[in-house]
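Each remark here refers to the structure printed beneath this line.
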């Protein structure tokens, strides 16, 4: 399998070269982490606030217990990450690092979103710098809308300027 992949994908041999693989693998892992913010933003806007609202709705309602149906999205993300790592281990090695990046994004999401934004941890951290304050306020603007439509700011680690989000929210609220 490795010989076949190396002939079709020149970078496949790079991944198995002991002197060069660590930097390449780190680049794939980090690139996936960064790309996942775009994937997460699009999934949040068009799936979770679209046809997948039936699962995500629980996240926009008062929490009744420790888990909510919205957590099934994390289970799906974990299954995707696991499948990518398994595929990478059985052939095309970069996929395991893509899977690691997907899993890393999931872990960061749980820590930042559940722990920081929604404060579901015993220690209730407060935003301490401009970046974290902006993310926290943007997330509060996202939850200012009840229901599936009319929300703003769908990213987790990037938020547009607050003035722009506030203006978008006002425009959406004034529309019939």
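Cβ from N, Cα, C; glycine included.
Here TrEMBL flags 23-43 (among others) as transmembrane segment.
Taken from TrEMBL, the feature transmembrane segment covers 72-88 (among others). Remote same-chain residues near the transmembrane segment (72-88) are listed as 43, 48, 52, 55-56, 94-100, 102-103, 105-106, 109-110 (criterion: CB distance under 8 Å, separation of at least six residues from the stretch ends).
Remote same-chain residues near the transmembrane segment (94-112) are listed as 11-12, 15, 24-26, 28-33, 35-37, 40, 74, 77-78, 80-88, 135, 156-157 (criterion: CB distance under 8 Å, separation of at least six residues from the stretch ends). If you look up TrEMBL, you'll see 94-112 (among others) marked as transmembrane segment.
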